[in-house]
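A.B. asks: For reference, Swiss-Prot lists these features for the protein:
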SIGNAL    1-16  signal peptide
BINDING   44, 45, 84, 302, 303  Ca(2+) binding site
MOD_RES   84  3-oxoalanine (Cys)
ACT_SITE  84  active site, nucleophile
CARBOHYD  117  N-linked glycosylation site
BINDING   137, 162, 251  substrate binding site
ACT_SITE  139  active site
CARBOHYD  215  N-linked glycosylation site
CARBOHYD  356  N-linked glycosylation site
CARBOHYD  497  N-linked glycosylation site
């Protein structure tokens, strides 16, 4: 075990017979008018084209497609960043990474997380009297006060980071494949640096590790059951509730086994997409059964598909980033091309959100924070600025106006982490830095700086294939506008009360339920 014996923090295991032993469902304080329950479901690495309602070629999302027909579908909805931790931090704070401090992903050994002076959506609603729960992927810090149990969630059940950041006994399908957890104390290591073999993937309930390694093949159903049970209990408490579900899907490894289990077959991805769709359907069915008239269900993706996983990655739909593919590399996850941050998104609230509506409003994950806070009758945290806006008028079909301007930060493909290198202005998009992420063929597009930005008209060129001619009147009219809005936001960020995340690493903070077992192995009942 080496350093595990000496350095890994021992996390005690407590197996409770009660599902929510630490959640207080009782009513306290004065009685208020009914406030909506909130269910946020965030898919992982799901492409815009993975939603059947978006892309006719997709036939595997019957529950989500039904939700789209019964609610609102957003076709110009964007992640706040193109990778996991920054996107999730922005969802929970309404602020870009340059403000909240989270500009790239946290590691298994990360000491820090989302800065503690940043206020999360769960903390705001908890203070407003909501009972709160998070189920699934967190990826905003797991050590000490960065754990979700200390960030506003009364209950937590899930994996603290991505489900490929630890070995398992049933490793599922990955590209390249990763081995199962070692069963002996040998020093063998997989030569692929993307595979984890030292420490098994942990499953938490509140502050306790309840399974390590987690059984990925049963994880989706566990998440569904915990979500359904929380909704059932919370709906009878007399208090409004917030449920945030961070899905393990569609991130590799894919754990389902379709009839023809060829690791290179798109059938694997489709089977996993169907499993995710079923999970979402179970949550929606429970909402419909116990809290239909007073619950907003908001579904979205955290970023685009992970193209380097080849056939185990999703579909960008028409947003193929052709200019970048001609330069090399992928225009999907980690990049500021549309395929990296334009994500599927749906809102469902019978009687409030109109039925079978497609919204073209320019929206972002950043907007969930201020919108939900407004619906809950709470107040935004003071002494800081927000990049998201209250879009409840859009949700209720009273407006098609969202943002006029969005900024897309570097998420690992080119440039400095978090830097605002791309500007969306109405139907136009300007790139000051371009670069491709690692593609299926292993290629990475070169980092290129554009003093005069590349500007694309997305209305005419969704594939981002041909930028405007720099000498054209259209380009010359746009250039000063783009330059000005970028300068304005950078000055606004400089004047803001911004945070800085701690990205230092220490092996001793690695989640481990039993450092005396190879890979920290322990199972329920041991």
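Cβ from N, Cα, C; glycine included.
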A.B. asks: Apart from 44, 45, 84, 302, 303, which residues in this chain have a Cβ no more than 8 Å from the mean position of the Cβ atoms of those residues at the Ca(2+) site?
C.D. replies: 42, 43, 46, 79, 83, 87, 251, 301, 333
A.B. asks: Listed substrate-binding residues 137, 162, 251 - what's their greatest C-alpha to C-alpha distance in Å?
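C.D. replies: Binding-site diameter by Cα atoms for substrate: 11 Å.
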A.B. asks: Using the centroid of the Cβ atoms of 137, 162, 251 as reference, list every other same-chain residue with Cβ within 8 Å of it (recorded substrate site), in sequence order.
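C.D. replies: Result: 44, 45, 84, 139, 159, 161, 163, 164, 165, 246, 248.
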A.B. asks: Please state whether DSSP places residue 356 (N-linked glycosylation site) in a helix, a strand or coil.
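C.D. replies: Note: residue 356 (N-linked glycosylation site) is coil by DSSP, not helix or strand.
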A.B. asks: Over all shown protein chains, what is the count of other CB atoms within 10 A of the CB belonging to residue 215 (N-linked glycosylation site)?
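C.D. replies: I count 15 other Cβ atoms within 10 Å of it.
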A.B. asks: For each of 117, 162, 303, 356, 497, count the other CB atoms within 10 A of its CB; which of these recorded positions has the top count?
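C.D. replies: In terms of Cβ crowding, the pick is 303.
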A.B. asks: Should any of the binding-site residues 44, 45, 84 have a Cα within 10 Å of the Cα of residue 215 (N-linked glycosylation site), which are they?
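C.D. replies: Checking each Cα against residue 215 (N-linked glycosylation site), there are no hits.
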A.B. asks: Restricting to the same chain and to sequence separations of six or more, state which residues have a Cβ under 8 Å from that of residue 45 (Ca(2+) binding site).
C.D. replies: 250, 251, 252, 301, 302, 303, 304, 305, 306, 313, 314, 333
A.B. asks: Can you tell me which of the recorded positions 44, 117, 162, 356 is spatially closest to the residue listed as 'active site'? Compare CA atoms only.
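C.D. replies: Looking at Cα distances from the residue listed as 'active site', the smallest one goes to 162.
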A.B. asks: Sorry to bug you, but what's the C-alpha spacing from residue 84 (Ca(2+) binding site) to residue 117 (N-linked glycosylation site), rounded to the closest Å?
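C.D. replies: So the Cα of residue 84 (Ca(2+) binding site) lies 20 Å away from that of residue 117 (N-linked glycosylation site).
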A.B. asks: Return the residues near residue 137 (substrate binding site), defined as same-chain residues 6+ apart in sequence whose C-beta is under 8 angstroms from its C-beta, sorted by sequence, else 'none'.
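C.D. replies: Long-range Cβ contacts: 44, 84, 158, 159, 160, 161, 162, 163, 246, 247, 248, 251.
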A.B. asks: Fewest other Cβ atoms within 10 Å: which of the recorded positions 139, 251 wins that one? Let me know.
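C.D. replies: Looking at the recorded positions 139, 251, the Cβ with the fewest others within 10 Å is that of 251.
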A.B. asks: At the level of the C-alpha atoms, what whole-angstrom distance separates residue 497 (N-linked glycosylation site) and residue 356 (N-linked glycosylation site)?
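C.D. replies: Between the alpha carbons of residue 497 (N-linked glycosylation site) and residue 356 (N-linked glycosylation site) there are 41 Å.
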A.B. asks: Please name the residue among the binding-site residues 44, 302 whose C-beta has the most neighbouring C-beta atoms within 10 angstroms.
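C.D. replies: The residue with the most neighbouring Cβ atoms within 10 Å is 302.
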